[in-house]
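Student: Below you'll find the structure I mean.
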Amino acid sequence: MTTLSASRDNPSGGNPSGGKAAAPALLRGGRPLAGALLIVLVLVAPLLGLNDYWARTVLLVAILSLQVSGLNIVLGYAGELAVGQVFLYAVGAYVTGYLGVSHGITDAGVIVVCAIACAVVVGLITGIPGLRLGGWSLAMLTFFLVLIIPNLVKVLESFTGGANGLAPPVPTLFGTPLGRDALYMLIVAVTAVWFLVARNLILSRHGNAFLVLKQSPVLAGSLGISVFRLKLLVYVTGAIPACLAGVMFAWLDGFIAPETFTFTMALSILAASIVGGSTSIYGALAGAAIVQLGQQSFSSFQDWQLLIYGAFLLVAGILLADGLTGLVRGRVRRVARRFGVPAPAPAPADAGPADTGPADLGALTGARLRTKALCKSFGGNQALREVTVEAEPGQVTALIGPNASGKTTLLNLVCGFYRPTSGTVELGGRELGGQRPYRIARAGIARTFQTPLIPSGMTTKAFVATGRYVSHRVRVPAAVLRLPAFRRGFAADDAEAVRLLGLLGIADVADREVDSLPLGTRRLVEVARALAARPAVFLFDEVGSGLDEGDLAGLERAIRMIRDAGGTVVLVEHNFPLVLGLADRIHVLSQGGLLVSGTPAEIQADPRVLAEYTGSDAAGKTTGGEG
């Protein structure tokens, strides 16, 4: 385990190249050792004279931190407003009580396994609405689960003991009852193991997928990630620590009653998440410690609890936008800069445009992309009318036209984000109609977006590596247990991301936080991310917008490399000189219909195109277009 100030990705520091840099290497090197020493110290604290009051306080902090950790995974990393941690906490507690009272099962290992199994089932069931709902609708639904706990306890009285509660027997381990010190060590050990599991999951491609989901389900689908499965993974992962916390509480308190699982507890969990930092792995521990100590210090103000929590959340949200751990990281960076502690050296930059070519990219297996009589209507507005276009392997096919002419709508239809009103989309002779976006992406289509969809809290090379999430799979158990498959995959992802960034001439930003980069650089990073997937077809949506001359040169070089390597490129672009210099064939859209198709020379000489772009009478009449 690392120290409380560790973050999910490289913390940021000085930045000579634009964007935030990683933390100084000197400060990162001692984290694992310091974390291990801290765990040992906390474990043996009772043997060193820790009294009962503070031992119980440590355990209450551990139990609360488990609940906060689950909330951070669901809300902080994945952006899902599922806040029913108290309900899952109650499930874990009542499962422990039921197994002990009704079946005489007291073995700690058996109970933990049963609690995890229940967490998976309940997490899936309570997460199902999240597959359809989102935002505050999901938040209200999960808060409702907390409010109905007393009613469920009454209805399930034979299981829960009703208003009388349950008194689970003392837990055992291998048949030996656990005394005070042994129980203390067990709860601390379970908490430590969970945080190690959470750390390994978050600091893997699956954790990066959570951040992608938080940024945009559209981005996730375009990467070939099943949003359905990913959300279920998020809900289950967030449910496990909450249920474990319920088990630990039942052992610690020795009595389970419905009055424990209140709306105020839900506010405590939320407050700890905000104060510790919802996107910090170990911020859950810091936040839980502050909230728990605060509750004990102000226990005489029970009547004012809701008001105090409300004021606390408001102030913490304003003053601690990134939580306490974010504040600490910022201070550490400033101190490091003051004393000249060096940040990690950036990845070596590529040799330059003249030294790269299709051989550096490797052969791509392109495929023919064809739309046939494609139509799309939104209500009474026909956005696309009978559009038939083709894009061939080893060629750059450009789509141009005024704003609102249907270019991006066409790309969204190809990717499956819209369903066509009529017409078909074919890839390599196979119809794609009716398939979900992630399946179309897996079939061999990658794209960029008009406005780059860039997750926060991720390094540039980690974002580029998300393009390999599906094509080079690493299972969750391998990531959690750090098996050789994970290590090989991580090394390959890292090397490929740096290589692709080098081909685009931006290897120096590999370790920067991607959301802090300038717009032009972010567009090139999106191209690198698309390259990482090695698809058959590349859809570039206004990727040249906002690029300076240097970035445009890198973009042109990349597109030519893709074309020469055999890839199929579809370029949507307003930069007419860029299109003329790259395209093998151009399709001009106007008011949702196909105006004309041809070679760059033919398009440049066509009076209809001139009329569409300038509004002149060059074609014998003015062809109106939407601005």
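Yeah, the Cβs are placed from backbone N, Cα and C, and that goes for glycine too.
I grabbed these lines from TrEMBL:
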| type | residues | note |
| --- | --- | --- |
| TRANSMEM | 33-50 | transmembrane segment |
| TRANSMEM | 57-75 | transmembrane segment |
| TRANSMEM | 81-101 | transmembrane segment |
| TRANSMEM | 108-128 | transmembrane segment |
| TRANSMEM | 134-153 | transmembrane segment |
| TRANSMEM | 182-202 | transmembrane segment |
| TRANSMEM | 232-252 | transmembrane segment |
| TRANSMEM | 264-294 | transmembrane segment |
| TRANSMEM | 306-328 | transmembrane segment |
| DOMAIN | 369-616 | domain 'ABC transporter' |
Student: Pairs 6 or more apart in sequence, C-beta under 8 angstroms, 3 or more of them: is that satisfied by the transmembrane segment (108-128) and the transmembrane segment (264-294)?
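Tutor: No, the stretches stay apart by this measure.
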Student: Averaged across the domain 'ABC transporter' (369-616), what pLDDT does the model get? Just tell me the whole number, please.
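Tutor: Mean model confidence (pLDDT) across the domain 'ABC transporter' (369-616) is 91.
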Student: How about the transmembrane segment (232-252) with the transmembrane segment (134-153) - do they touch, taking at least 3 C-beta pairs under 8 Å (6 or more apart in sequence) as contact?
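Tutor: By the criterion, they do not touch.
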Student: Find the member of 81-101, 134-153, 264-294 that has more C-beta pairs under 8 Å to the transmembrane segment (182-202) than any other listed stretch.
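Tutor: Comparing 81-101, 134-153, 264-294 against the transmembrane segment (182-202), the winner is 264-294.
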